[in-house]
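Report on one structure; see the data block that follows.
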Ligand code: NCD
């Protein structure tokens with residue numbers, strides 16, 4: 001199992017967010033993930049590093065790509081993977097998050113991957129269970145593996161992250177993807193811009209080390225990377241935008257607006273995309289789009305995270 005010895009030890013037991021991680025921590029995970037990309041491209045997509053380990057995916061929110069990505073990642077490492085969707089569980093019968101987690105914990109999983117509608121759910125779980133916990137998205141708080149896969153995608157496309165201008169555009173207010181990306185891209189030396197109408201910017205945006213733009217044209221001018229976010233209408237109560245058509249006109253990424261960014265600018269989106277709402281179809285499917293690469297990198301990143309957290313070189317004493 002050479003893969004466990006060639007990378008630095010990741011000094012954390014859980015991955016609850018990007019907050020608190022150093023650039024070195026992030027690079028350790030991204031390097032590990034980079035080395036895993038080739039595995040998914042092989043005919044035999046299987047490693048054995050996690051053979052005998054049990055991974056439970058506990059998804060309290062609907063998810064297609066994140067859940068399948070974690071599932072494939074675990075399976076490609078040789079782990080036994082179980083998916084628990086909330087609609088199949090006793091939570092529907094009134095059991096709490098903690099009760100469910102403690103029940104699963106009694107089955108001795110090695111790693112629990114959780115997605116939940118409330119910010120802080122993953123951290124709460126981590127205090128209660130005896131295994132490693134990975135946050136696969138908690139409310140509008142963090143989505144660390146998405147930020148890692150985005151960093152890997154950018155690094156492979158551009159050869160670096162340091163010094164790049166990255167414009168994160170759209171519904172930043174409701175976006176855990178934006179929060180995790182702002183933290184990770186800043187730590188890795190990018191210049192980060194937050195581009196959104198004022199109604200879709202969080203109050204604390206001025207303390208997030210970003211340049212704020214409420215005009216999309218100005219916000220994406222000369223950018224190396226444009227990261228579009230989905231308009232999260234399910235998290236909105238009341239009207240944050242006048243209409244979808246207005247929104248697309250001012251904040252949707254189309255050919256004309258993208259023309260203001262650098263010629264070799266890449267276009268990203270965590271998915272699922274709303275065509276014609278935040279991004280035009282021809283841009284999503286166009287030559288500058290790396291949206292499918294992001295999905296590919298997602299599996300490699302999740303494999304890396306699982307391996308790093310369950311690294312056999314880490315003694316219990318080092319856990320934190
Ligand atoms: C994101 C999420 O769930 O936070 N999607 C994802 O992880 N694939 C972004 C979104 O839902 O818009």
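Using the three backbone atoms N, Cα and C, a Cβ is placed for every residue, glycine included.
Note that TrEMBL annotation is computational and uncurated.
Among the candidates 32, 41, 115, 245, the one that TrEMBL lists alongside 65, 66, 143, 146, 271, 272 as binding carbamoyl phosphate is 115. For residue 230 (L-aspartate binding site) paired with residue 271 (carbamoyl phosphate binding site), the C-alpha to C-alpha distance reads 7 Å. Using the Cβ center of 65, 66, 115, 143, 146, 271, 272 for carbamoyl phosphate, the list of other same-chain residues with Cβ within 8 Å runs, in sequence order, 63, 69, 136, 137, 177, 270, 298. Sequence-distant neighbours of residue 176 (L-aspartate binding site) (same chain, 6+ residues apart, CB-CB distance under 8 A): 119, 137, 138, 139, 140, 141, 142, 143, 146. Counting other Cβ atoms within 10 Å of each Cβ, the binding-site residues 271, 272 show the lowest value at 272.
Looking only at other Cβ atoms within 10 Å, the busiest spot among the binding-site residues 66, 146 turns out to be 146.
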